[in-house]
There are 2 protein chains.
Amino acid sequence: MKIHNFSAGPSILPKEVFEQSAQAVLDFNGSGLSILEISHRSKDFVAVMEEARQRVRTLMQLPEHYHVLYLAGGASLQFLMTPYNLMKEQGGKAAYVDSGSWAANAIKEAKKLGTVDIVGSSKEKHYSYIPKDFTVDDSYDYFHCTSNNTIYGTQMQEFPKVPVPVCCDMSSDIFSRKLDFSQFDLIYAGAQKNMGPAGVTLVVVNEQILGKTGRTIPSYLDYQNHIAKESMFNTPPVFNVYATLLTLRHLEKTGGIEAAEKRNRAKAELLYNEIDRNDHFQTFCVKEDRSVMNVSFELLSPELKEMFDQRCKEAGISGLNGHRSLGGYRASIYNAMPIESVEVLVSVMQSL
Amino acid sequence: MKIHNFSAGPSILPKEVFEQSAQAVLDFNGSGLSILEISHRSKDFVAVMEEARQRVRTLMQLPEHYHVLYLAGGASLQFLMTPYNLMKEQGGKAAYVDSGSWAANAIKEAKKLGTVDIVGSSKEKHYSYIPKDFTVDDSYDYFHCTSNNTIYGTQMQEFPKVPVPVCCDMSSDIFSRKLDFSQFDLIYAGAQKNMGPAGVTLVVVNEQILGKTGRTIPSYLDYQNHIAKESMFNTPPVFNVYATLLTLRHLEKTGGIEAAEKRNRAKAELLYNEIDRNDHFQTFCVKEDRSVMNVSFELLSPELKEMFDQRCKEAGISGLNGHRSLGGYRASIYNAMPIESVEVLVSVMQSL
């Protein structure tokens, strides 16, 4: 039976990526060696890292003074690296938007290194909308936001113009839509949604914002070290970077970010239309802030839960459970999710 | 042609691990899903993490108050996590042994958080031996050493009894020999030599030494957080943990650490015997501290270099170059290296 994988992450990737990365585990580039046993300093892997960095540069149309890094530790380590690299040691102060659990985790880490002002929050309304209309003056070292809130299914539709460096956690919607990426100074994203397997984190950083904090930064946490070593400060997660490169190649081959956005909007529209039409379902969030990546919704008729779950199972639908903190359902419809899988889900919803 | 992979890391793993992990990338456990697209909270992956932790516990015969974690960021992140978790914020002081470049990197990070006393160093002699006969009193927060120095080919044959917690970077000889692992309080090892692919780091820690520094530790850097979340504080590197589990299963199946040690000693003896017998070669280090994992050696007759390199190439020998900081040659003969490959190298050496 075909499985329709709606998992929130790690999540579906293109089938081609699975096939090519499995092949590389057996024999990488016809070398007779597995991708798991080659040196990260080998010519073949240095080329992989170089191409993986270059493709992000091209896809995002990044200016020269931006750098692309592949690090370890997930967004959770970036929650800490962001203030370490950007918040002044003396009197450091940053502006954060609290739009969800992951944003709150980022805030928690920044508070350990300086003052954090929460300039917008939807916490009191169960994160059901994206905070807007806040002001950020130039007294802050930087501004931080989360572009997409995986759990609640909300997404920033636009980004504020602020007079300080703009940092954005794009873990769950990276490469899903066209943006002017140069409006950000720091972007990070755990790969395990739209980019590749878990175990590698993309960091894009404007070098002009670095080196200004007066802090002694531990080596691994210092973006400048990773830039100087061309993302090879220490042994990178070789396989994970390679599988990410395969995903990026696939993205370019299928039309790049613009084409992906078009497909994503079609999938989201199909699913939200059904939720709006069907009296048994509703989203957790306000309409205007709905995410094109994570469609979180609840079933309003609890007596139908068993039947709905059973029919989903029979249809091969997997990973539809909502996050344990919120309950309900969550259909993650990342780049690699085909519209056919969304159609299967919609038809099960219509069967109730 | 069969390739004999002497790479220092990432490095050779059992063929069975390549085959099984390639299969899991296509279809994990017959689920119809790739290991790259399953949730880390799925029942199947939680079982993988649990087994991978339990196997280390069994292999090392760890007491109850020890915890096994799989983290990201390599040993380089552990260089920092060690002092963060163990060095007191007020008047913190640690004793380090400087036995090689990686030890020196660990020292560099610890110095950022407190006082470091180098109680033994072979730096002035190009790290050609393991420092011994030093004393460590109980004024230190902890003691740190590196069990095997990958670059110079030296290895600690015994570990000092000291009255403070003992921390050891075992990246390049973990599971290569039987040790009383309970003599250590913190062990860490990047997986990419004896344990699995690059991208995951083993940490074994005695809970009794934690929580005593008075520091505010960033969440990702705090071992106690990872312990509380059973090594799932955030999304772990799913594939890398699974491939590590496959390697651990293979180790148990082939006789465990004791049998691996026997095989490793036979390989090392074969190679060192040839180096000692052959006037064209010598090791960089003193005899008594030679590593059973990394055999670093130089060719004493430069006029033979071209011929030696050519014959190695013809024999399918790969990854034999010494580290760029030292030059010469380095044969890394990790657990998965068959003695047949060492025989091929020895026969090329004999042909000169």
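Positions of Cβ are set from backbone N, Cα and C atoms, glycine also.
Pyridoxal 5'-phosphate is bound by B:Ala75, B:Ser76, B:Trp102, B:Thr150, B:Gln192, B:Asn234, B:Thr235 in TrEMBL, and the record lists one more residue there from B:Asp44, B:Asp169, B:Asp276, which is B:Asp169.
Using a CB-CB cutoff of under 8 Å against chain A, the recorded positions that qualify from B:Ser76, B:Asp169, B:Gln192, B:Lys193, B:Thr235 are B:Ser76, B:Gln192, B:Thr235. With a cut-off of 8 Å between CB atoms and residues at least 6 apart in sequence, the same chain places B:His40 near B:Thr235 (pyridoxal 5'-phosphate binding site), listed in sequence order. Neighbour counts were taken at the CB atom with a 10 A radius for the binding-site residues B:Ser76, B:Gln192, B:Asn234; the maximum falls on B:Gln192. With the fewest other Cβ atoms inside 10 Å of its Cβ, the least crowded of the recorded positions B:Arg41, B:Lys193 in this structure is B:Arg41.
Under DSSP, B:Asp169 (pyridoxal 5'-phosphate binding site) is assigned to a strand (E or B) in the three-state scheme. Neighbour list (B:Asp169 (pyridoxal 5'-phosphate binding site), Cβ cut-off 8 Å, at least 6 residues apart, same chain): B:Ala75, B:Gln78, B:Phe79, B:Trp102, B:Ala103, B:Ala106, B:His144, B:Cys145, B:Thr146, B:Ser147, B:Tyr188, B:Ala189. For B:Thr150 (pyridoxal 5'-phosphate binding site), the same-chain residues 6+ apart in sequence whose C-beta sits under 8 angstroms from its C-beta are B:Ala8, B:Gly9, B:Gly100, B:Trp102, B:Ser171, B:Ser172, B:Lys193, B:Met293, B:Asn294, B:His323, B:Ser332.
When every Cα pair among B:Ala75, B:Ser76, B:Trp102, B:Thr150, B:Asp169, B:Gln192, B:Asn234, B:Thr235 is compared, the largest distance found for this pyridoxal 5'-phosphate site is 31 Å.
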